[in-house]
Amino acid sequence: MKLLHGLALVFLLAAASCKADEEITCEENNPFTCSNTDILSSKNFGKDFIFGVASSAYQIEGGRGRGVNVWDGFSHRYPEKAGSDLKNGDTTCESYTRWQKDVDVMGELNATGYRFSFAWSRIIPKGKVSRGVNQGGLDYYHKLIDALLEKNITPFVTLFHWDLPQTLQDEYEGFLDRQIIQDFKDYADLCFKEFGGKVKHWITINQLYTVPTRGYAIGTDAPGRCSPMVDTKHRCYGGNSSTEPYIVAHNQLLAHATVVDLYRTKYKFQKGKIGPVMITRWFLPFDESDPASIEAAERMNQFFHGWYMEPLTKGRYPDIMRQIVGSRLPNFTEEEAELVAGSYDFLGLNYYVTQYAQPKPNPYPSETHTAMMDAGVKLTYDNSRGEFLGPLFVEDKVNGNSYYYPKGIYYVMDYFKTKYGDPLIYVTENGFSTPSSENREQAIADYKRIDYLCSHLCFLRKVIKEKGVNVRGYFAWALGDNYEFCKGFTVRFGLSYVNWEDLDDRNLKESGKWYQRFINGTVKNAVKQDFLRSSLSSQSQKKRFADA
């Protein structure tokens, strides 16, 4: 009789579990409050799925104990470009000395992965290995990695997250010159030799699209190059916005592929994996009934994703880019094409927003032309009916507001699986910012970030289940509040609150507590978002939902 009762109980629990799994519904339309996904948890993704947080060296470490990098040079030369508050990464979370605090926060979250970057100029202050290696930098990263492994947190290390040693920029304009390939290889070789016994997931370059476009086309990011008339305030120190982005992108791909080849040959015995990180977006037709808008959306996909993914899968640039860009687009030699094609074990995909695409004439040649115009596409966050995609993502009175669309992550993952051969994928960034003008209580009561994370995780689970996309991990951006590129300290992205007046004062925000429960698998029967929202808006901000 006891056996029958036991079997019945097991059956009921299994049935309840299946029912709960089936009841998870992703909200398809604005406002994406995630009220129907309160039972979503890590258990819906499989036991080996990695849930972590992410950061980058320049944004959290501070300037102590390293050489000067291009973001130091850029932010001091053009402080207004580094952030409207005129601040920079000289002093931020000071993770170089407070790394244990970061690890403690990750332990509190029960994170199983941490994506962070090495500061090239901390390890090799003058850029080239031949000019000396900083033992203090090596020791710092060893201590951090050892502390992570002690807590069973898997390190994902990015070799280059935009902070190129300034010496290499001064000598030959960094990625604009092929000399960078050997210097990047030497730097990577040192890192593999020094840390490869502990680190099994390597990322070569973060967001291949960003430095060529923002750094060399429009000059809004380091190193800040562009054509004279692209920045009418003449704050670019030189450049050609029509040609340099394609050269930089080409050299990035060759540097990436060279490092992957090094890892696969010289360090194969370490049994790790290596790949690049892509910034992704989804592009919807501005007018779904207009063939020109539909064509513009796909053309944007080719210029945004295909620019890198076609070489990485086929060894050549997309046909549409070759047709439009012409001689401004470099060519791969046969040997280079073979080197680049297939040069990844996994892809890291960063996803934040979706945009509407409509045709726009390409003004080339002109004094104000940039490579970003070659697609002949205008991007907006509202469609032909004046409808916005979703809730506010970033308020920007100068450049215009942006809005987010959780289902976009579903479309992006399916697109990469279908078009690029079903790669192994890690979502290496996904996150939401709030304004730093909020007071402490408001910043900690970040229910909007819970909505953002929860709704995106819901669609990520959905695309894995429905389309069989091979996603093995998700990293929320960011571990804690930090310096944001081009925004300074005017926004907060963290799951943990950082008090800039007392850097040891850090607390999990409500989003951090939610993510903690999500990872633990204890969000079933959690309080509804509406109740959470009203509670967090009240004066009882300090109330903990430990039973949620």
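The backbone N, Cα and C atoms fix where each Cβ goes, and this holds for glycine too.
The signal peptide annotation in Swiss-Prot covers 1-20.
Look at Swiss-Prot and you will find Cys26-Cys458 (among others) tagged as disulfide bond.
Feature annotation from Swiss-Prot assigns disulfide bond to Cys34-Cys454 (among others); the stated evidence is similarity to another entry. Annotation note: Cys34 (disulfide bond) sits in a coil segment as assigned by DSSP.
Contacts of Trp477 (substrate binding site) defined by a Cβ separation under 8 A and a same-chain sequence distance of 6+ are given as Val53, Ala54, Asn350, Glu429, Asn430, Gly431, Phe493, in order along the sequence. The substrate binding site annotation in Swiss-Prot covers Gln59, His161, Asn206, Tyr352, Trp477, Glu484, Phe485 and rests on similarity to another entry.
Secondary structure from DSSP puts His76 (Zn(2+) binding site) in a helix. Around His76 (Zn(2+) binding site), the same-chain residues six or more apart in sequence whose CB sits under 8 Å from its CB are Asn88, listed in sequence order. Marked as Zn(2+) binding site by Swiss-Prot: His76, Asp90.
Classification of Asn110 (N-linked glycosylation site) by DSSP places it in coil, neither helical nor stranded. Around Asn110 (N-linked glycosylation site), the same-chain residues six or more apart in sequence whose CB sits under 8 Å from its CB are Gln516, Ile519, Asn520, listed in sequence order. According to Swiss-Prot, the feature N-linked glycosylation site maps to Asn110 (among others), an assignment based on sequence analysis.
Long-range Cβ contacts of Arg281 (L-ascorbate binding site) within its own chain (separation 6+, distance under 8 Å): Phe304, Tyr351, Tyr352, Val353, Thr354, Gln355, Gly408, Val412. Sequence annotations record features per position, and here Swiss-Prot assigns L-ascorbate binding site to Gln207, Arg281.
Around Cys226 (disulfide bond), taking its Cβ as the centre, 25 other Cβ atoms fall within 10 Å, counting all chains. According to Swiss-Prot, the disulfide bond annotation covers Cys226-Cys236 (among others).
Annotation comment: Swiss-Prot describes Asn240 (among others) as N-linked glycosylation site, evidence class sequence analysis. The number of other Cβ atoms within 10 Å of the Cβ belonging to Asn240 (N-linked glycosylation site), over all protein chains shown, comes to 20. The DSSP secondary structure for Asn240 (N-linked glycosylation site) is coil.
The feature N-linked glycosylation site is assigned by Swiss-Prot to Asn331 (among others). When secondary structure is read from DSSP and collapsed to three states, Asn331 (N-linked glycosylation site) falls in the coil class. There are 11 other CB atoms within 10 A of the CB of Asn331 (N-linked glycosylation site), with all protein chains counted.
The active site, nucleophile feature in Swiss-Prot is assigned to Glu429. Under the DSSP three-state reduction, Glu429 (active site, nucleophile) is assigned to strand.
Positions annotated as N-linked glycosylation site by Swiss-Prot, on the basis of sequence analysis: Asn520 (among others).
For Gln59 (substrate binding site), the same-chain residues 6+ apart in sequence whose C-beta sits under 8 angstroms from its C-beta are Gly89, Thr92, Cys93, Ala478, Asn482, Tyr483, Glu484, Phe485. Of all residue pairs in Gln59, His161, Asn206, Tyr352, Trp477, Glu484, Phe485, the annotated binders of substrate, the farthest apart have Cα atoms separated by 18 Å. Comparing CA positions across the recorded positions His161, Asn206, Cys226, Asn240, Asn331, the one lying closest to Cys458 (disulfide bond) turns out to be Asn206. In this structure, the recorded positions Asp90, Glu429, Glu484 were compared by how many other Cβ atoms lie within 10 Å of their Cβ, and the smallest count belongs to Asp90. Ranked by CA distance from His161 (substrate binding site), the recorded positions Cys26, Cys34, Gln207, Cys226 have Gln207 at the top as the closest. Counting in whole angstrom, Cys454 (disulfide bond) lies 33 from Asp90 (Zn(2+) binding site) by their C-alpha atoms.
Across the structure, Cys236 (disulfide bond) and Asp90 (Zn(2+) binding site) place their CA atoms 22 angstrom apart.
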